[in-house]
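Trainee: Submitted below is the structure of interest, expressed as C-alpha cells.
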Amino acid sequence: MARSNKMNRVLCLCLVLVHLQSTIGTHRHGKPDWFGNAQRDLYESANRNLNTNKAKNVILFVGDGMGMSTVTAARILRGQLNGNSGEENMLEFEKFPHIGLSKVYSSDRQTPDSAATATALLCGVKTNSQLIGVDDSAVVGNCSSQFGAEINCMNDWFEEQGRSMGIVTNTKITHATPAAGYAHAASRLWEGDVHMHGVQGGCKDIAHQLIYNNSNIQVLFGGGRQYFIRNRQQDPQYGDAYISFQRQDDLDLIEIWGRDKKWRGYTPKYAWNKQQFDAINPDETDFALGLFNPQHMQYDLERDTGPNGEPSLAEMTDKAIRILSHNTRGYFLMVEGGRIDHGHHNNTAKRALYETLAFEDAVKTALQMTNSSDTLIVVTADHSHVFNIGGHSYRGNNILGVVNPIAPEELPVDGNAWTTLSYGNGPGYDWGFRKDPNTVDTTHNDYRQVSAVPLLYETHSAEDVPVYATGPMAHLFDGVHEQHYIAHALAYAACVGINKQHCNGLSQNKPIFTPMT
C-alpha cells in the first residue's frame, strides 16, 4: 500500500512537470512568462555540447543584403503571417546554437559590394570591390592584371578531396556572389561575352569560365540563361527579347556542358522551367544544370509556379542536396538568396522580406534533409542595407504598415504619418512634400518605403552582419570575426584546403599557419 501511494505521488509529480513544461512561455491570462522563457533559454545554453566532428558536408547560405534589420523585420512578418504579433517569433536559423558577427568591409571600401564580399566568404581573402576570385593586386577592368592574382577557393579545396560541389541561387548564376565560387575576373560585369567588347588580354567571360573551367561542379541552379545561348538562337520562353545579351561567339554553352558530361560517362540533366526541373530524378542524375530565366529569377511574391514557371529556392536546395548526397565523401553547397538585395535596392521592403522568408524555407529544407552530426550549416549575409525599423508602435502592429501610435512629440513636422520601415537612401523619396502613407496601400508589392536621400538605387551599408552556425565545429563562428575568416573556418571544419592537415593528426587539431611571402 505504501509503495502504491509512493508511485501515485511520483506519477502526480511527473504530470505536474509535464504541465509546467507544456505551459512554459505563457502565464495566467495569456501573458508571456518572461522569467520562465529566460530560464529555459539559460538551461539550453548552459547544457549545450560542442560538436567537434569532422564536417563531411558543408552548406553555406548567403542572404544577399540580409542585415540584422532585415532579419528582425522578416522575423516579425513571419510571426504575423502565422497569426501572432510577430515580435516573439524566431526564424529557423535564429535557433542555431552558435551565432557571431562578420565585419564586411573590403580591401578598398568601407561599405563593400557583393563581388568583394563573396570572394571573402568563398576564397578566404578580402579584395577590392568589383573583383571576383582574385586578390587586391588586380585592377578593376584591367584584364591582364587578373593573371597571377587568381585565388583558390572553396570549390577548389573540396574538389581536391574528391568531394562534390553545387551552387544554387535565384539571381543569375553569373552574378557576383555565385560567380566567386568558380570564376576569376577583374570585373564582376564580365558575365557574358557581350560585356567584354574592347577588353584586351585574353580574359574569358564568367559564363564561359563556368562551363569550360569548372566541369566538376555537379549542381548549378539559377538564372542568367541569356549568357549561355548563342545570339541567333531564340530563348525557349521569351523568344528574342534578350537576344542582344546572348552570346556573340556563337557558342551554345548549355549544349557544350551536356556533351562534356556524356563524353565522360555521366548522366546530365538540363532544365529551363519548373516542369523540366520537377522531372529531374536525383537518383538518376550525376550533373544538373537549371537556368530558369534569361536574367534574374522572379521575386518569390510574383513567381510563376506553373509548368513554364520557376522552382522555389527551397525546391532547388532540396534537389541539389539529393544529387550531391550521392558522393559518400561529402559535398560543399552554396545557396544564395540573392533577390533580398534587389528588393532593398528598389526600396520595396515587402519584396525583400518575402525573399528572406523564401530563404528561410530553403534553410529549413536543408535542416530537415541533413544530419547535424556530419553536416555544417552556416547562414550569413554578405552585407547589409540602409534599412531601418522605427517608431514606437504597439506590439503586433503591421510591420509593413504605418507607425501606431504616433506620440504628439514624434509627429513629423509635415503632419503626415510615417511607416515603420524606411530607408536611408534610394528611389523611395518624394519631390517636394512627403505623401501621407495613410492614403496608399503600404502593403502592396510595389510600394516603396520612404528614403531620406534621393538616389535612383539604394546602397549597401557597412555594419557587421550576423553569422548563424550549426553542426560540426559550429562554435568556430562564435564571436566577431573578419568576413574572410568564414572561409577558413569552413575549411577547417571540413578538413579541406590549407587546414586539412589537422584531420591527419599532423597539427594536434590546430590550424596550420603559412608564413606570408
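Glycine is no exception: its Cβ is also placed from the backbone N, Cα and C atoms.
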Trainee: Out of His296, His444, His460, His475, which does TrEMBL tie to the same Zn(2+) site as Asp64, Asp341, His345, Asp382, His383?
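Mentor: Same Zn(2+) site in TrEMBL: His460.
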Trainee: How big is the gap, in Å, between the Cα of Glu336 (Mg(2+) binding site) and that of Asp64 (Zn(2+) binding site), rounded to a whole number?
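Mentor: Glu336 (Mg(2+) binding site) and Asp64 (Zn(2+) binding site) have their Cα atoms 7 Å apart.
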Trainee: To test your reading of the Zn(2+) site: which residues beyond Asp64, Asp341, His345, Asp382, His383, His460, same chain only, put their Cβ within 8 Å of the Cβ centroid of those residues?
Mentor: Gly65, Asp113, Ser114, Thr117, Ile340, His344, Ala381, Ser384, His385
Trainee: When the Cα of His383 (Zn(2+) binding site) is compared with the Cα of each of the recorded positions Ser114, His175, Thr177, which one is closest?
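Mentor: Sorting the recorded positions by distance from His383 (Zn(2+) binding site), the top entry is Ser114.
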Trainee: Just name the winner among Asp64, Asp341, Asp382 (the binding-site residues) by count of other CB atoms within 10 A of its CB.
Mentor: Asp382
Trainee: Any idea what the Cα distance is from Asp64 (Zn(2+) binding site) over to Thr177 (Mg(2+) binding site), rounded to a whole Å?
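Mentor: That separation, Cα to Cα, works out to 8 Å.
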